[in-house]
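Peer 1: The structure follows.
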Amino acid sequence: MSYSNIAVRKFDAVIVGAGGAGLRAAIQLSESGLKVAVLSKVFPTRSHTVAAQGGVSASLGNSEPDHWTWHMYDTVKGSDWLGDQDAIEFMCRKAPEVVVELEHFGMPFDRTDEGKIYQRPFGGHMSNFGEKPVRRACAAADRTGHAMLHALYQRNVRARTQFFVEWMALDLIRDADGHVLGVSALEMETGEVTIFHAKATIFATGGAGRIFASSTNAFINTGDGLGMAARAGIPLEDMEFWQFHPTGVAGAGVLITEGVRGEGGILRNASGERFMERYAPNAKDLASRDVVSRAMTTEINEGRGCGPHKDFVLLDITHLPPETIMKRLPGIREISIQFAGVDPIKAPIPVVPTCHYQMGGIPTNYKGQVVVPLGDDPAVPVPGFYAAGECACASVHGANRLGTNSLLDLLVFGKASGEAVVEDLKQMPAEHRPLPADAIERTRERLERLDARNGGESEYETRLALQRVMQAHCGVFRFKDKLAEGVEMILDVEQRVGKVSIKDKSKVWNTARVEALELDNLIEVAKATMISANARLESRGAHVRDDAPDTAERPNGRNDTEWLKHTLWSRDGNSLAYKPVKLEPLTVESIALKTRSY
Amino acid sequence: MTNRTLQFKIYRYDPDRDDAPRMQDYSVEVNPVTDRKLLDVLVKLKAQDDSLSFRRSCREGICGSDAMNINGKNGLACLTEVSTLKSPVVLRPLPGLPVIRDLIVDMTQFFKQYHSIKPYLINDTPPPERERLQSPEDREELNGLYECILCACCSTSCPSFWWNPDRFVGPAGLLNAYRFIADTRDEATSERLDDLNDPYRLFRCHTIMNCVDVCPKGLNPTLAIGKIKEMMVRRAV
């Protein structure tokens, strides 16, 4: 195929990704009357936001007193103080507004007897600065993400947003001054490449959980935005922090919401013991996710796991009234029957910690502008470039995300990035900045390589190798030697990725080509993760290493003197830099550093 | 549990290379532990033959990507238990929609019908500062409706939709239409009913009920269509 005559289409803004963040940003832009293109690899309602289950957090206080400052405290503590407190304040303050807005868009939330939005308890959500569990997770049964994604898509139908469905963005286009001018993208149906030339580009491409062999993530979660950003010289922030969700279905990896424990579910080991009482005497099964995942892994490692291989624990809701399960957790019952072969009304569900969420990502400020270090300033906005949702790092999740803060992140920062684009465009000239002569070079080189090469590495085998290395060397517990070895191994995998060939050379809906192009993105995320993890010589949140143990001097192995800082990994030379954590919120007092316990 | 060999006959068509569609035979070793769902086996087949094309994403029955015709019945590959499948497993694209390639159909017509029912809340009353109130009972009316994943299993199993995909809204679109009619927060019930009061848009449904039979989420579009008809009758008297 020749890529010499590339079509160019001009828009005010282009949004890459049509999950929660992309759709929320699109509403903002479409309703402002801007000409916006939304690109998505899948039909919008198939984006992975659809799989979120338990809820979206907001201190509405519909069932008991709550306050956004308590939400903020929980989020900072959950982040193990690595989250930026200005962004966290912004998110928690905005939460009631964006959730109510979503209800106005038509979101079918469950209701309290008074007709208000139903709220349930969730891991790490506490009242009065960590005292006792509080009902903060706003839910539509256990299908909150599905209900939310459809409501956001529907609002976009109303706003007549222009979608480019089943288009895969390939590379970010920047000019010599570093301005971002849009993306190149592949139309899957025809195999044609087009340049989307825009004054503003918002990445909302979601996570990259598919770098791990065992993941709750969809096939499409390949970190496309991170790969594109890294290739265009943007560093990636805090990529060593990955959340392992405590309750993935053993074997299948499919998610079982924390809402199950919110509704009263209990984790048990082989002897039936409620083991979380030993690890988190106060919050028990509703401790933060990193804490619960480590407790489960310890139980399994010490021989108290269940089943013939003692390799899982049990999530028990058999004590709950069947009506509660049918009403509040119907989707979970379906999933358990489908993927675990167990009806949770009658028997407990076998679960294991499973890779779930990427806390790091493309560095942004709380307005959703992408920021990079320049001279002495660690965070200078890249003109024309924005990011929101899981692909971005604002950073509100720090070293560990609280359950339901992901859906909140999509709403708050999807909206904020849209608002920032509307504002920033007012300052920009009416004309688009010209495309550089080499705008399509990187994309052309990647596509021609795939067209021309035969008899190289198999894409399937190479991706499997990548996932196995990440799983074995960068899991729930991390080990100094394993990490160092992992860095070498992932760099070897990178060599293989460079030699991948596909047999299918068709132009039409070539999924082999799409998967090979996705692998280019997965490898960037995998390198960033392994190299950042190998370098961070402390334990914090989801990153726990054997050579940074829990001691009296350094509780939980956290080392604030040396490591209270964000990692920035750059693709160029795999170099690492660091920037300070923003400990100052916008209007309230800083939440002081403290040892984390639940 | 031991591996078994499963035979497949899969519809293949690539307009870039093929003059006409064909059925291709495949044989694959199935591990009963790791290859529980049809999608697991399809991914395995794709590793052997990377040209085999199908949509897939969440692999847990919530995104609606991998709908296809499996041994003559529409369903999601990711929710189809391999052990229940008769060999050879015959896979075809969803019936009634144009094939783009292999198991991938052009869903334009399906989404056009979905969009035609104004699938969004219409309420022009300025919203209150807080959420609009809705009683738990009123909210319950939306159960069995809002869970639709737009996989198109139902509409593409409906003979009325096969004959009139441009004029009959189809079971998925109508289920979603009723989702908004049934929502106490929506103020456009009367316009919605007017729009559907048409010999084709609604009344091509002849209660064949294939839609109910195939819905992977256990939803009942026929029931929703019946309720729309009932409301029209009640409105007329």
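Here the Cβ of each residue, glycine as well, is placed from N, Cα and C on the backbone.
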Peer 1: Considering the substrate binding residues A:HIS245, A:THR257, A:ARG401 given in TrEMBL, which of A:HIS356, A:HIS432 is annotated for that site as well?
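Peer 2: Answer per TrEMBL: A:HIS356.
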Peer 1: Which sequence-distant residues neighbour the region 'Disordered' (A:539-559)? Criterion: at least 6 residues beyond either end, Cβ under 8 Å.
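Peer 2: Apart from its flanks, the region 'Disordered' (A:539-559) reaches 78-80, 82, 240-244, 289-290, 293-294, 359, 398-400, 476-480, 483, 533, 595-596.
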Peer 1: How many Å separate the two farthest-apart Cα atoms among the substrate-binding residues A:HIS245, A:THR257, A:HIS356, A:ARG401?
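Peer 2: Spelled out: the longest distance between any two Cα atoms in A:HIS245, A:THR257, A:HIS356, A:ARG401 is 14 Å.
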Peer 1: Taking the domain 'FAD-dependent oxidoreductase 2 FAD-binding' (A:12-407) alone, what is its mean pLDDT?
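Peer 2: On average, pLDDT over the domain 'FAD-dependent oxidoreductase 2 FAD-binding' (A:12-407) sits at 97.
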Peer 1: List the residues of the same chain that sit at least 6 positions away from A:VAL50 (FAD binding site) in sequence and have their Cβ under 8 Å from its Cβ, in sequence order, or write 'none'.
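Peer 2: Set apart from A:VAL50 (FAD binding site) by at least 6 residues yet with Cβ under 8 Å, we have A:GLY145, A:HIS146, A:LEU149, A:HIS150.
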Peer 1: How many other Cβ atoms are found within 10 Å of the Cβ atom of A:ARG46 (FAD binding site), counting all protein chains shown?
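Peer 2: Excluding its own Cβ, the number within 10 Å is 29.
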Peer 1: Sequence gap of 6 or more, Cβ distance under 8 Å: name the residues on the same chain that satisfy this around A:ALA21 (FAD binding site), in order along the sequence.
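Peer 2: Looking at Cβ-Cβ distances below 8 Å from A:ALA21 (FAD binding site), excluding near sequence neighbours, one finds A:ALA204, A:GLY206, A:ALA388, A:GLY389, A:GLU390, A:CYS391, A:ALA392, A:ASP409, A:LEU410, A:PHE413, A:GLY414, A:SER417.
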Peer 1: Rank aside, I only need the closest one: which of the recorded positions A:VAL42, A:ARG46, A:HIS48, A:GLY54, A:SER406 has its C-alpha nearest to that of A:THR257 (substrate binding site)?
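Peer 2: Spatially nearest to A:THR257 (substrate binding site) by Cα position is A:GLY54.
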Peer 1: For the recorded positions A:HIS48, A:GLY54, A:THR257, which residues show a Cβ-Cβ distance under 8 Å to chain B?
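Peer 2: So the ones by chain B are A:HIS48.
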Peer 1: Report, in whole Å, the straight Cα-to-Cα distance of A:HIS48 (tele-8alpha-FAD histidine) from A:SER406 (FAD binding site).
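Peer 2: Here the two Cα atoms lie 12 Å apart.
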